[in-house]
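Since the structure comes first, as structure tokens, the remarks are kept for the end.
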Amino acid sequence: MTAWLGFLAVFLCSWSLRDLVAEACTCVPIHPQDAFCNSDIVIRAKVVGKKLMKDGPFGTMRYTVKQMKMYRGFQIMPHVQYIYTEASESLCGVKLEVNKYQYLITGRVYEGKVYTGLCNWYEKWDRLTLSQRKGLNHRYHLGCGCKIRPCYYLPCFATSKNECIWTDMLSNFGHSGHQAKHYACIQRVEGYCSWYRGWAPPDKTIINATDP
């Protein structure tokens, strides 16, 4: 009887742990510009290899990458060879395919290693919009002093001059919404931040902060 109760306790603990892990990865929607500005490293790279590292209870996946271009992180790590992520998607680990695609990868540096996850911005390069690519090259950097405030229900108003109101959540698009795909929040000379879209330099075409 005692042995059976012991087995039941272990089973229930294992089941609870499994449920906890399955529900562990929850990410708050973030605009690509904020994802860029909050990252230590932003690169365009192709995955050329992977290896499961036996560290931690669930392991860590180490991806070997061929860096094509760096957009952020020159002073921290000018060349990235490895990207680390949790081996399990339930722990926010990302799954990248080897020798197939070029990816945009953002991440943070910890003890000399670049870590990324589902809550970081990563995407197949050919799925990025032209505006997002231009943002990576210079526009997002120009807006790192701005604050992008999500709007979950109307009305929404900017509470300071450096805010842009992000309304993609009103239609549940979030990261893949129209503003996320096509707009950057740029700071002007006067210190005001506004949404910007277009092919002219940011100081020539500025739109209203609440009207993307």
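Each residue, glycine too, has its Cβ placed from N, Cα and C.
Feature region 'Involved in metalloproteinase-binding', per Swiss-Prot, maps to range 25-28 of the set 25-28, 33-36, 77-80, 81-84. When the recorded positions N38, C144, C146, C185 are ranked by how far their Cα is from the Cα of C92 (disulfide bond), N38 comes first. The two recorded residues C185 (disulfide bond) and C146 (disulfide bond) have their Cα atoms spaced 7 Å from each other. Neighbour density for C146 (disulfide bond): within 10 A of its CB lie 27 other CB atoms from the protein chains shown. Of all Cβ atoms in the shown protein chains, 16 besides its own fall within 10 Å of the Cβ of C25 (Zn(2+) binding site).
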